[in-house]
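Here is what TrEMBL says about this protein:
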- A:C85, A:C90, A:C126, A:C130: [2Fe-2S] cluster binding site (BINDING)
Amino acid sequence: MGAECKCNCDQEKKLDALFAQYKGNSNGLIVVMAAIQEVHGYLPKDFLVKTAEELGVPLSDVYGVATFYAAFSLRPRGRHCVNLCLGTACYVKGAPDVQTILEQEMGIKAGNTTEDRRFSLDLVRCLGACGIAPVLTVNGEVYPRMTAEKVNEILAKYE
Amino acid sequence: MNFAELELLRATAKESIKLRLGEEPSDNFKYHVLVCGGTGCLSIGCQNTLDAFQKAVDSHGLQDSVKVVVTGCMGTCEMGPVITVFPEGYYYCRVQPEDAEEIVSSHLKNGKFVERLCYHAADGSVQARKSDMTFFKKQKRNALRNCGLISQTSLEEYIAMDGYKALAKVLQGMSPQQVVDEVKKSGLRGRGGAGFPTGVKWQFVLDQQADQKYIVCNGDEGDPGAFMDRSVLEDDPYSVIEAMTIGGYAVGASKGFAYIRLEYPRAIDHYNKALCRAREVGLLGNNILGTDFSFDIEIRVGAGAFVCGEETALLASIEGRRGEPRPRPPFPAVSGLFAKPTVINNVESWANICPIIINGGDWYASMGTEKSKGTKVFTLAGKITNTGLVEIPLGLTLREMVEDIGGGVPDGKAFKAAQTGGPSGGCIPAAYLDTPIDYENLAALGSIVGSGGMIIVDEGTCMVDLAKFYLGFTQDESCGKCTPCRIGTKRMLEILERITKGLGKEGDLELLVELANSIKASALCGLGQTAPNPILSTLRYFKDEFEAHIKDKNCPAGVCKMPRKGLKS
């Protein structure tokens, strides 16, 4: 393996390619915004303006779509994304208790980011892992059969 | 690839999986060890188990006689990591890395299976092989036919399991009308929830005159507690791709979209890999299998909106807009994606197409009940011993599902209800355990088959709280376009929140019913029209629990936090 490029230039190039692919084509709005979100972790204002210009969509529509979908965020997210599943199986097996402890420990309500941007806490609807409910994920890593007691130990792994 | 090359590939590929099908293999392998790599098993460490296995096999020098394969979900998520050893099909549960050595030295080397790792039923009996297990005995797998049996993204193994046989049959001698007729004959109904006859939908699109038509796969599986579509997309992506290609041929579409939700990154990854591979070998793209027929598929990733599972909202989302439903008609079959005639089917519906084409519509229709044909996948979860993915012929009773397949409610607690159909469905109490599960019976009980989520709850679950949970979900996911859904569900939720805090008052239940009926009658799309169902159904069977909350300020299950007795709130 060669030296890895530390900057986002590859991803930026990918974004530019997407802008070019969907120039003047409003159908690409979600595809483009998903790519921006992936590269930057949220949707910076400059990029929303650029998206509107490149795709030929009114900025109000861009904002409309950005605020409609739960996957898009207009604010920077935390370094670690903590998602607690609140699907039915998780709910009946005690996810609400886990939520209480998570919110207590982080000092924020779900849907927010801690002030030091260490954690973002979100409640998600069914990750489809009902067999191992309740489920918590941190940056995509899955923690099965969660209990309130396990919360601290898991959070401590992420600085 | 042309037809002859496909059959040649099938012949070679079949040799290498014969052992799993109970046939005499021509290669040197004596055992196939299948390690479940489904999402459930992955997250409880099947990778470590796999590594340990590989190591143990190597250290015993068995690499030439033992083949280790990672497959998709085998269905028993609660027992993971799961391993199946073929040819006999011994089924090992909760296999830890340190168990690998024992399985290899005892079973693979000396032919003695390891009893302690086999499935132990509640009565203590050992069900060692897959064929012995009550979990599997009453199942019939069509949509899940390959899940847990083949390597997830291997085109060769898919082809070995009769993959692309259906497409070859269609392209070599069936007219589009014949394909549609076969699907109609099968009686297959939309497995996403609405239950509309798939063949009839295809006929509408076939009958349309248009310069462009589209095929869409609805993989926006949002119902909490349902994960069959994820499993099919992850574990058998080619079955969906092949079926969509057949759909394209049947209705005259050259382009397809697969809309998969963001929350399923592995499904997106596997499906994408399968698309690339299919394109590479000429099973997708221009002149498929050397014929004049061309078809291609593009993936669209959802952006986290439950309402996009509704077909018109999903189409809006593919077009890059807010996923808001629109009134029908016109139905997508007439004016769908980009205002063109569009077939939109759910993942599980697609997964049933190939076996229907190969075996005929009559074969599929011979399974199930008179009006509900075929098999349906359910996800069994909640307070049940064996959680996981289950595919049954429609018509099996709820009791067979809960007691035989599910192994009953754990910890000696009593079964209270089965919640089916997620936030659009309802609950079925213990008195109706002997009801055969099909579209008609569940509807008559005030619930629905829906997408197939089946959550079992026991005496420790408060039904009022559960109803509140579902309404909270739909309220949160309401897109806001129509008033009944946006405001009506909010008002209902407020009432339920009061009731579960011990602040309910007389007249609340009547108001809930009135609101529910108005929303059902006037909401724009399925999300709103069905949102009140969990409340109405809970009120039907568990009214006493509501009344206990309101009149006695008491939560019988002890879930809701009620004010202390004697305090006026």
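Even glycines carry a Cβ here, placed using N, Cα and C.
The structure, with features from TrEMBL marked on it.
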| residue | record | Cβ neighbours (10 Å) |
| --- | --- | --- |
| A:C85 | [2Fe-2S] cluster binding site | 28 |
| A:C90 | [2Fe-2S] cluster binding site | 31 |
| A:C126 | [2Fe-2S] cluster binding site | 30 |
| A:C130 | [2Fe-2S] cluster binding site | 32 |
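A:C90 ([2Fe-2S] cluster binding site) carries a helical DSSP state (H, G or I).
DSSP gives A:C85 ([2Fe-2S] cluster binding site) a strand state.
Annotation note: A:C126 ([2Fe-2S] cluster binding site) sits in a coil segment as assigned by DSSP.
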